[in-house]
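Per Swiss-Prot, these features apply:
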BINDING   E10, D56  Mg(2+) 1 binding site
BINDING   D56, D58  Mg(2+) 2 binding site
DOMAIN    4-87  domain 'Toprim'
Amino acid sequence: MKVAEIIVVEGKDDTRRIQEVVAADTIETIGSAINDEILTQIEHAQETRGVIIFTDPDYSGEKIRKTIMEVVPDAKHAFLSRKVAVPKKNGGSLGVEHASDEAIIEALKKVVTPVQADEDYQEIPRQTLVEYGLIAGANAKKYRELLGDDLRIGYTNSKQLVKRLSMFRITEAELKESMTRILKELANEE
């Protein structure tokens, strides 16, 4: 599989892993404190070929994603679930470099692009998120993680959830479908 866009990753291990799986060029952020030179490089890459932000499914990865989005709001996003980014050995951190070939290819095939302001879009009411147990409640974190995987929008904490759903223009109907699938799967596991 050849990827036309330039993939933005966190480090050289991610680059190595991506290039083992697909033919792609990468830009490495070299950690979460991205310098202006790298941001300029990412901005230029977006103008010429487009970029896909493919960071680790952890706090640092989200911080990097947010920083890049301030400069390149129309960048595409590839997300890995936390469960497929777990290191083989105990003690390591979550990372793109630990994902299987299949997980990387799947994430790149399901790239999502945030949409700019749309006057017709109805933001999902916070109360709806509370009713689904996504904000507050014993299973809120687990539900948000499963929702992020199902909708391919990545994991968010409760404060980020409304913004992320809005950014990708997830409708209340799509949320309901996703939560119905998630709750059905969880019921089948019991």
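Glycine too: its Cβ is placed from the backbone N, Cα and C atoms.
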Inter-residue C-alpha distance, D58 (Mg(2+) 2 binding site) and E10 (Mg(2+) 1 binding site) (nearest angstrom): 12
Proximal but sequence-remote residues of the same chain as E10 (Mg(2+) 1 binding site) (Cβ under 8 Å, at least 6 apart): E28, T29, I30, G31, S32, T55, D56, S60, G61, I64, G95, V96
Neighbour count (Cβ, 10 Å) for D58 (Mg(2+) 2 binding site): 16
Local confidence of the domain 'Toprim' (4-87) - pLDDT mean: 92
Three-state composition of the domain 'Toprim' (4-87), taking helix and strand from DSSP: 39 helix, 13 strand, 32 coil
